[in-house]
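Visitor: Pasting a structure here, questions to come.
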Amino acid sequence: MSETISLPKTIGIWISEKKSHKLNWNELVNVCRRHGYNLIKLNLDQPIEEQGNLDVFLHKLTDIIAASDQGDSKASGIIGRVEQYISNHPNVTIIDPLNNVRILLNRYIYYSIIQEELSLQKIGVFTPAFAKFTTNNIEQNIEIMKQRGVTFPVICKPTLAHGSKLAHEMILVCNQRGLNVCKPPCVVQSFVNHSAVLYKVFVVGNRYHICQRPSLKNFYPSDDMEPIYYTTGEVSKACSQSTLSILDPNEAQSEKDIDEDKVRMIIKVLRKRIGLLLLGFDIVIDNWTDCIEENVKNIENRFNGLINVGSNSIQCGVTGMNIN
């Protein structure tokens, strides 16, 4: 009796050159090989069919999808070829579906998805109040904020969450006068004081990892303060040392634990509503109400049980959550 030999399956991967340089490519190839997969780095300027017979197409096309949707001709060509490939090869596993990724491109849309989720509300999870500006009329925008319950300070963010450096440029505004710097289309969201500490949650399949990062210090409504411009990378990367993260002398750094049961609930809800396999979001714990604020970044889905693969299991003791 002859044995059936199982041939390796093939993963085709596309990520930007910038992100590719951060990978230990040889280690990734070896890990995939140990699990029975060949790994091919794709060139999307060339026909995908000519680069191998894929079983899995793994991508990080968020910025290119955004640029395509904004009319960039080169990006549109790439996305057109990818969509045609997906249509022609229905048996290839796509991680993640492009239409699901598109949900992440508009901050107002995915904030609204979380705000409407009753299962999160039942466990005290909520998104900080937010509003969409479509005009430069300050009086009209102030009225929109009142209607939506948005209070100062606020973070002004471009509505488009990916696709350019501008998508990551934020403005902290502490008074009505400062609203003149908010250029539509944009989203303004009430700022939650969290003593310059945030927790990043990374999810791959049925595994997740939580790590601590620096964030903005505490801010309060102020008639005198000018708007503060910053980028998320300047403040919240592991190596960031921004002066915006230094607490005032009268404020102590407070360590708060995270309720992993609630984190797992957030993950399951996001995957159900957005339908992705790879998931990344930020959590901050409100100083005064023990709320968690979550900023959905790159969301992508599929699992049942959730396993924390961090070196230390982070415990939680919060009574409510904010989702940003």
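Each residue, glycine too, has its Cβ placed from N, Cα and C.
Checked TrEMBL, it gives:
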{"type": "BINDING", "residues": "Lys19, Lys60, His168, Lys200", "note": "1D-myo-inositol 1,3,4-trisphosphate binding site"}
{"type": "BINDING", "residues": "Arg107, Lys157, 189-200, Ser215", "note": "ATP binding site"}
{"type": "DOMAIN", "residues": "11-100", "note": "domain 'Inositol-tetrakisphosphate 1-kinase N-terminal'"}
{"type": "DOMAIN", "residues": "138-289", "note": "domain 'Inositol 1,3,4-trisphosphate 5/6-kinase ATP-grasp'"}
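I'd like these features described in context: how deep, what's nearby, how far apart.
Guide: Of all the Cβ atoms in the protein chains shown, 15 others lie within 10 Å of the Cβ of His168 (1D-myo-inositol 1,3,4-trisphosphate binding site).
For the domain 'Inositol-tetrakisphosphate 1-kinase N-terminal' (11-100), the model gives a mean pLDDT of 94.
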Visitor: In whole Å, note down how far the CA of Lys200 (1D-myo-inositol 1,3,4-trisphosphate binding site) lies from the CA of Asn193 (ATP binding site).
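Guide: Just about 17 Å between their Cα atoms.
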Visitor: In Å, how large is the greatest distance between any two Cα atoms among Lys19, Lys60, His168, Lys200, the listed binders of 1D-myo-inositol 1,3,4-trisphosphate?
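Guide: 18 Å is the greatest Cα spacing among the residues binding 1D-myo-inositol 1,3,4-trisphosphate.
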Visitor: Would you mind reading off the Cα separation of Ser195 (ATP binding site) from His168 (1D-myo-inositol 1,3,4-trisphosphate binding site), to the nearest angstrom?
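Guide: About 21 Å separate the Cα atoms of these two residues.
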Visitor: In the structure shown, with every protein chain counted, which of the binding-site residues Lys19, Lys60, Arg107, Lys200 has the densest set of Cβ atoms within 10 angstroms of its Cβ?
Guide: Arg107
